[in-house]
Structure formats: structure tokens, C-alpha cells
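As written in TrEMBL, here are the features:
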type    : residues      : note
BINDING : 260, 262, 316 : Fe cation binding site
DOMAIN  : 242-362       : domain 'Fe2OG dioxygenase'
REGION  : 19-44         : region 'Disordered'
């Protein structure tokens, strides 16, 4: 699914060259400094030439014919514009699918609700099940390892089949005894270390499959309903998408997602419904091998991508997100999240991207 059997060979592929072309690099003289804004004499640091990146939002307002190789997907019962690549069947792009209000709702859910147990995150293997991470981060709390018997011991599967116990709890900074040595981490730091959470059927990253034995809740009804409606352009006629699992990815300023294929589900005729939230990014859609030159396109907050059928066999990835204030393109989110209750969320999303991808497993 992820990675290559020969890393050295992967470095020489067309897909890897495209990743390097668009990736934003930090020059040596900026080492250790913030790279959220790095400009010198008006020249952006790294990132390559963006003139070849497909901009579907521009096509919404463009007059005349579509560029060569790009078409529209018309489907009865679906009233939003849908674009596709004529030579890459099964891939559909729905620009601006979500309103600003809907985007803010799913950003809040992604930070507040989706990391909650029994959903697993990348932090679970280290700290066990962590409840109320968002609330703790907002209140500037500290996660500490404790040995006290009054703290409920949390068991979890470490991924290799072994059951481990983790005793952690959130405390106020003032509760930590002066001179006391204990393993501790700021909740705000953990929020920034959050990379993924899994909803519905839980995905086991160590085994690259779905583990039905792990505790889980069904996909939230509102998210399932959204996915069913948005999946219509990619679904076979007469069939309805059945959301059974979702993976939520959290991207920080320097994060990227390397080229991979999503092939763990049983029926590839059913789409992956991928929702973009937060900062704009570049998405690469390649071929069935890394040797095929990928097509680059912009993904903005509120865009939805569908990948079904043959598109499920294509390598894809995210080499860059745009956190520079003049390129984020999240002004509508900033305005909507300007209230006091949302200040922590606003601070997070100003240099982050969230991706929710919903799947039918069986």
C-alpha cells in the first residue's frame, strides 16, 4: 500500500521527481527558523514552477471549452459541477463541494470528536487511549504518566499482537510537583503530533488491513450521509455507497504524503470519498506504476475527490501544503472561525490541512 520494495529505485521514478519538484524545501540559512513564510527578493523558497498545476476552480469561471484531456461528469440526481480526466477513468473532482459552514463543522469534528476513543490514532501506540485531547490542549494541560492506583489502567493493542498497559492522565501544570520526575508532554504538542485517526472499522497500520476485533463505533450518521451523497458521480447505477470506515489525516506545515495506492478494500468499484479541509495543497495523480508522470492539481478547503475503479490502482500523494498567508486561501474559514470559542481551532488550521477519506470496506 505504502512505500516501495526498492527505495533506491523509487527515488529515480517520475512520481518521485514530481514530488521533489513541488515539495517546499528549507534552505540552509533558514535552518531552525519558521518556514511558514520564506521569501527573499520576492522569490519563493522551493516548491518549483506551479504553472502546470491544474486549477479546477479556475475552470468553474472560465469561458469556452475545457482544456484538452479534461471533461465534465454529468450524473442524474447530482447538481454540483464534477470534472474528470478523460484518460484516467474513475477519478472525479468536485470543486467547492462544501460550504464554509460545512467546512468549519467538519474541522471541529476532526479535532474534537474523531480522535476520541474507541477511535485509534497514531498516538494510541505510545500513550494508550487518550480522551479529550482537544479540550486538554485548549486548556494548556499536560499529559503525565502516573503509577497511582486510582487512575484506571488503559489496555491497548500495540499493533504486534501484544497487550500493553498505559497509565496517563491530563493535569494542570500547577498539579505537577516541583522536582518530581515523570514522563510528561504538553497537550498542545500532542495535538501537533496528531497525524491520523480512524473511524468506523479500525485500520491496523502494522498489518495493512481492517481489524474487526478492535472496538469501534459506526461512522457518524452525518458523515455517512455526506459521503453517500458525494459518492453518486462515481457509483454504478442503482447502487448506494455504504460508508464503513474512514481515515482522517492531519498535515502540519512540512508534512507530505508519499505516493501510494489505496488497495485494502474488497471492492474497488466503490469510491474513496476524500474531503479536503484547511490549507490548500498540491495533489499528485499518477499511473499504475511510479514510472508514469503524475498530473498535479490544487486541492482547496471544501473540495472533494472521488477515486473508484481503475483510479484505485493509481499512485497518488500530497507533496506540499501551502501555509504561507498569501497562498493558504482560507480567508472564508478565518472569518467564520473568528469567535472566541474557535480561536484554538483557527490557530491550528491556519497552518494545517485535514483530509477525511471515507471507504466502503466490503
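Every residue number used here counts from 1 along the chain in the order it is shown.
Every residue, even glycine, has its Cβ placed from backbone N, Cα and C.
Features recorded in TrEMBL, as mapped to the structure shown.
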| residue | record | Cβ within 10 Å |
| --- | --- | --- |
| 260 | Fe cation binding site | 14 |
| 262 | Fe cation binding site | 19 |
| 316 | Fe cation binding site | 24 |
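Counting residues per DSSP class in helix, strand and coil order gives 21 helix, 45 strand, 55 coil for the domain 'Fe2OG dioxygenase' (242-362). Over the domain 'Fe2OG dioxygenase' (242-362), the average per-residue pLDDT in this prediction is 94.
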